[in-house]
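One structure is given below, encoded as structure tokens.
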Amino acid sequence: MAFSWIFLCLISILLTTTLHSAAQEEPQAHIVYMGDMPKGEVSTSLHLNMLQQVIGSNTAEGSLVRSYGRSFNGFAAKLTKEEVQKLASMEGVVSVFPNQKKRLQTTRSWDFIGFPQHVKRSIVESDIIIGMIDSGIWPESTSFDDEGFGPPPSKWKGTCQVSSNFTCNNKIIGAKYYRSTGEFGKRDIKSPRDTSGHGTHTSSTAAGAAIGTAGLSGLGHGTARGGVPSARLAVYKICWSAGYCDDVDILAAFDDAIADGVDIISLSVGGTVAQNYFAESISIGTFHAVRKGILTSVSGGNDGADLATITNISPWTLSVAASTIDRQFFNKVQIGDHKIYEGISVNTFNNETFPLIYAGDAPNETTGSDESRYCKKNTLDKNLVKGKIVFCDSYHIYETGEEAFYAGAVGVILQGRVAGQVLDPLPLPASYLNRDYGSKIFMYMNSTRSPNASIWKSTEATNSLAPYVPYFSSRGPNAVSPNILKPDLVAPGVQILAAWSPIAPISFAVGDKRVEAYNILTGTSMACPHASAAAAYVKSFHPTWSPAAIKSSLMTTAKPMSTDLNPEAEFAYGAGQIIPVKAVSPGLVYDVEELDYVKFLCGQGYDTRTLRMVTGDNSVCSSEEINGPARDLNYPAFAISVSSSESLNHAFSRTMTNVGSPNSTYKAKLTVPEGLKITVNPSVLSFTSVGQKLSYGLMVEGTVDKFVASASLLWDDGTFQVRSPIAIYLEY
């Protein structure tokens, strides 16, 4: 515990010194925006008068950089931080923000999915509260500055666990921590403060402010921002430095978050699949959340690419897989014969030349392990690898990198990379090569007595194949309810730059001394807050929409993806890549009420007694509903599991709610693979009012001769296109 406080004191001193130094810095250019043109003429003298009130009459004219007064009102001036705060509080000032150097390329993920920084926003966005159930938050990060925010929304009923090292603000309006075991590691801090970095990263991805100078040691430099920067954050810390999050604490966090009045919950946590929805903390918590009108976005898991590895699979959650963006990081390995080979890595270290050793030639004899070539834990001889670059056969890339680091190596080269794999920061210089390049380096090592190599710092390049689902992202189908398609959709989750806790190792490895305010991470944990923000964005325009309607809008407007790179099709990417700007106006939605979920659960084998306890009402499972088809839940997607010898004859029923044009006629358009026949009845839906509901039936007939056959149904009225994937797959 003392170690934690010493660390915190050092960081506090560092932050204080940084702030003191900033106060001594030269004034920087800022824009003072004052809105639309007022009545009457806007003159430079008006702007000078404002500056004089803040910085004095002698220096105001020299500070003024430019006046705006033809199309809008405002000016640019060189200001200190204190002067910025004074101007921001003046009557008539909308905002004060730093002058940033624009680039052709930003931190990319939001731009890549067609969601630019200056997208149309709702004034309700600042009333939206996202509950982040994660590892806490670093409140001093500039991503969570509350400048310009008013007091918390009146609906907020939560609290902030204030301590000597943590306070909330008008951005982070609430924060709590949970540790039911009472066990704390050396790096843990008993407050909502984030010591691992994970919660800070996800929170800033969802709702962080736009920071134009973000980057990781020069990598990914650009504007880091959240999807809904005006939204508020409520933080629930359930995960600690050891990386584990107890079910007891997860449920406690849901219990509080629901009662506190959050609008959206974001949970980048997962475990094993439970066959009983009500014997698993996340399913329970999210069910009670959806009953109170709260949609929970959950990460799909990082156990791909095997089938049926997705864990958060309840139909009332938004289950998110990860996709790539159009940026990737490469680096190079140069060996002693001057040949250069390209690999992948987010490597912040500058290249130096060191001796090179094959891990298989450096076994730790004391453990008797014969698996040192994989660089597994405790398999390397520290005396042999110290001060050298270790060449490892790929086993588990992160364990491999950490073992080399702890054994005293100064670099690690991994071989065996396959398509779709990525490598985030390791605690030492690293590069991940394909097997062909690895074989050539291995041959070089065997051809010389003193092999050496250097690992270069990473550079950025365009990923022209994006988006696709990477290797690690867990796949469907749904192991509990096979006729409920999972994942629901994909969002950017590969090498995402976002805010970080400066006391957290950027590689998660203890002993990694690099201190950074932003970090680049990969995982469905990173995809989840993108979807959380998109859901919050939709809710800001439609505050009364149900969780199911918001989820439907995100799924039916998603961008279809290709089986060329992901042969698992919908079980890799669900409905497709999330497109938040389209989700605001979906035309039609598949809505689901609590009674619909009760009927679904009846069909899953839950009895009346159980459901009455869960819902607290007089729910009844009728004889028709008991063990009935889950496929009749009003879901925005279709999934059918069949045996290889079975001839298909499956019927679905769905109901659409009109949220588009009052008078609109939608026609069904089907995309059907060979061997199948799909019909829709009726094939035309004619609406006469907003809110009107119309139903249709969908029949699938025929046979399939491969694991998954992909089809789709598109309802089109000429303005809105409402697409649902149809996945027919063989039982395995």
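Placement of Cβ uses the backbone N, Cα and C atoms for every residue, glycine included.
Taken from TrEMBL as is:
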- 1-23: signal peptide (SIGNAL)
- 30-104: domain 'Inhibitor I9' (DOMAIN)
- 126-576: domain 'Peptidase S8/S53' (DOMAIN)
- D134: active site, charge relay system (ACT_SITE)
- H198: active site, charge relay system (ACT_SITE)
- S525: active site, charge relay system (ACT_SITE)
- 632-728: domain 'Subtilisin-like protease fibronectin type-III' (DOMAIN)
**Request:** Can you grab the distance from S525 (active site, charge relay system) over to D134 (active site, charge relay system)? Cα atoms, rounded to a whole Å.
**Result:** 10
**Request:** Determine the Cβ neighbour count for D134 (active site, charge relay system): the number of other Cβ atoms within 10 Å of its Cβ.
**Result:** 28
**Prompt:** Could you count the residues of the domain 'Subtilisin-like protease fibronectin type-III' (632-728) that DSSP puts in helix, in strand and in coil?
**Reply:** 1 helix, 61 strand, 35 coil
**Asked** Residues with Cβ closer than 8 Å to the Cβ of H198 (active site, charge relay system), same chain and 6+ apart in sequence?
**Response** D134, S135, C239, S268, L521, S525
**Request:** Take the Cβ of S525 (active site, charge relay system) and count every other Cβ within 10 Å, whichever protein chain it belongs to.
**Result:** 27
